[in-house]
Amino acid sequence: MKRQITESAGVPGAQINIGKPARSVSEMIGKFRELGLLGFILLLSVGVQLRNPSFLTWENISDIATNTAILSILAVGMMLVIITRGIDLSIGATLAVSGMISALLVSHYPGIHPLLAIASGIGIGLICGMVIGCLVAWVNILPIIATLGMMNVYRGLTFEASGGKWVSAHQMPTGFKAIATGTLFGVNNLILIAVAIYIVAYYFISHTRSGRRIYAVGSNPDSATISGIRSGRVLWLVYTIMGGLSGLAGVLWVSKFASAQGDTASGYELSVIAACVLGGVSIAGGVGKISGIVLGSVLLGILNNALPMIDVSPFWQMFIQGTIILIAVLINALVKRGIDRNHLMRRKI
Amino acid sequence: MEPRVLANKKEFTFKSFFLQWEWLLVVLILAVSVMNASLSEYFLEYDNLRDATMGFLDKAFIVLPMVFIILMGDIDISVASIVTLSSVIMADLFNHGLPMGWAMVAGLAVGTICGWINGMLVVRFKELSSVIVTLATMIIYRGIAYILLKDQASGKFPDWFQYLGWEYIGGIPFILIAFAVCAIGFGWLLHKTVFGRRVYAIGNNATASRYSGVQVDKIKVLVFTLAGLMSAVTAMFLTSRMGSTRPNIASGYELEVIAMVVLGGISTAGGKGRMIGAILAVFLIGFLRYGLGLVNVSAQMLLIILGLLLILSVAIPQLKQRFASMRRI
């Protein structure tokens, strides 16, 4: 009803604006969204720097980058999931179970090569992701229900695998701990791995057929199916990738904090979803860019690092994070509304 | 021409009557009870059964409005945070000198307002799914609880408040009576009123219902508000049973509540299911948890079982439908 009214109201507007595309504030925001986010990050940094001069030191910046690396790796996978109109709440548990099993592996066989430990983590993550992918793609369970259920299963498995005990630093060989603390050309491994994943993911979603299909399925599942895309397969692929990335993140997490616990990363999925939403990934599907989610992750990382530095009580953090997610989601929705309205006005009917 | 009559009820046959999801739940409950009774000779004693139900009924209050929400094809994952927030605010106000009665009223009001905010956000921003809206408010509500109470516990409630969760009236636990009253009320609302029929209509097709004059937005806001109110009721009973409150209580309740509703045969695609199924599911999961506790199954194993139950209860109807349509082809 509402749409019809706007459409008919848009007719005179369309006639006036022939040859001159209408531009609105929301469209500008939509176009320069990443720039705006970058501006906000810079403003925030300058503000914090004025309060606490030790913020913009090289040491602290590299600290933020290392802390953000794992978050942004997960955000890449979550972006793919959200683009297909899904959501994955199980990644914290997948991360924990693969981190735990690879930690148990290296504590039993200390001679194992670190790369093999990483591979085992990724393998377990892939299996976890495949299970969820099957449930979502072929059994047709809503993503939120499927991932909520499997989240419990994986979390339970983490506890069962370790018998409720921790794997702590002295049980891990130095080679394993060096995965996250080591450097290559003076840059921390975590940052290098994250950057490599951005590049691969960028190539995948912008320049390969499977990558474009993910967007197609997300922006309109029906027409994707009609044009011959097997959307079930795309959905399965997306959740499998998410699982693999969670597995990788699990190994990196355990190696970085040098301890694997039953409740590792519980609730972390919320931060990852927040990073995606901040980075402009639309919950309605079909929209999302790598540059956006990297900036979103960096913003969250800076917030987590800066709030304690300017004496904000840690008990405020949860509230601030939630409010930022809500505001970002609402702004996304309003911007999209503005763009849609503009598109309607420009249609020549 | 004869007027076409829409078949309201399917023809009653014994086969269709006993092949319902609800009967499957009854059979499962009986199976779990037999298992429990064989594990512990005390299980079937009246006192024991009575006290077992007291242990798991607190979250059952949220199941009732969650049935409505899931029937409409929405979801609310912020309920556990509302429980925490209203409990924390109640305790905080009481410790600042407000009489306990008024503090409880304030707690109920806070829950109601939280639910109303959820409803308004879901209705005003239709392009956002209720998943993401309640995900954000879930973090915010628990965040406020942390701001208020930091990592402290708060308690020292008057004695009569303890009775709420622990007292019996005529040999029956008060919480069971309260739940029965609420369950009958919500069941009546869903199955016997125009409001309930409209909820089903929205779940089947929200657009069609709007065109036929159902005030979809109003009903949605009301249902989310009810969910907030019942979360606050849960907060009262939970706080009374524990005797104190913390900002991390009730974590994971949302999952259990959703699992109970889905296990009760209410379809996540909206528009299908009955209140009695959800209530049976509450008792099924409650007895299962109690029985597994008897044989010392760890809480983690219970997590796995709960997750698998959730998946299976959604997967079985889906697969059944899939096979039925394959056979038709």
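Heads up, residue numbers simply count up from 1 along the chain you see.
Glycine is treated like the rest: Cβ placed from N, Cα and C.
What TrEMBL says about this one:
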type     : residues  : note
TRANSMEM : B:20-39   : transmembrane segment
TRANSMEM : B:60-89   : transmembrane segment
TRANSMEM : B:101-123 : transmembrane segment
TRANSMEM : B:130-149 : transmembrane segment
TRANSMEM : B:169-190 : transmembrane segment
TRANSMEM : B:219-238 : transmembrane segment
TRANSMEM : B:250-269 : transmembrane segment
TRANSMEM : B:276-295 : transmembrane segment
TRANSMEM : B:301-319 : transmembrane segment
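Of the ranges B:20-39, B:101-123, B:130-149, B:276-295, B:301-319, the one with the most Cβ pairs under 8 Å to the transmembrane segment (B:250-269) is B:276-295. Between the transmembrane segment (B:20-39) and the transmembrane segment (B:219-238) there are fewer than 3 Cβ pairs closer than 8 Å, counting only residues 6 or more apart in sequence, so the two stretches are not in contact. Beyond its flanks by at least six residues, the transmembrane segment (B:101-123) meets 74, 76, 78, 82-83, 85-87, 89-91, 93-94, 130, 133-134, 137, 141, 161, 217, 220-233, 235-236 of its own chain at Cβ-Cβ distances under 8 Å. Under 8 Å from some Cβ of the transmembrane segment (B:60-89) lie the Cβ atoms of residues 106-108, 110-111, 114-115, 118, 122, 130-131, 134-135, 137-142, 144-145, 148-149, 154, 178-179, 182-183, 186, 190, 199-200, 202-203, 206, 219-220, 223-224, 226-239, 245, 247-254, 257-258, 260-262, 264, 266-273, 275, 278-279, 281-282, 286, all in the same chain and six or more residues away from its ends. Taking Cβ pairs closer than 8 Å, the transmembrane segment (B:169-190) reaches residues 50-51, 53-54, 57-58, 60-61, 64-65, 67-68, 71, 163, 196, 199, 230, 233, 237, 274-276, 279 in its own chain, all 6 or more past its ends. Through the fold, the transmembrane segment (B:276-295) approaches residues 21-22, 25-26, 28-29, 32-33, 35-36, 39-40, 43, 52-53, 55-57, 60, 63-64, 66-67, 183, 187, 256, 259-261, 263-266, 301-302, 305-306, 309 of its own chain, all at least 6 residues removed from its boundaries and within a Cβ separation under 8 Å.
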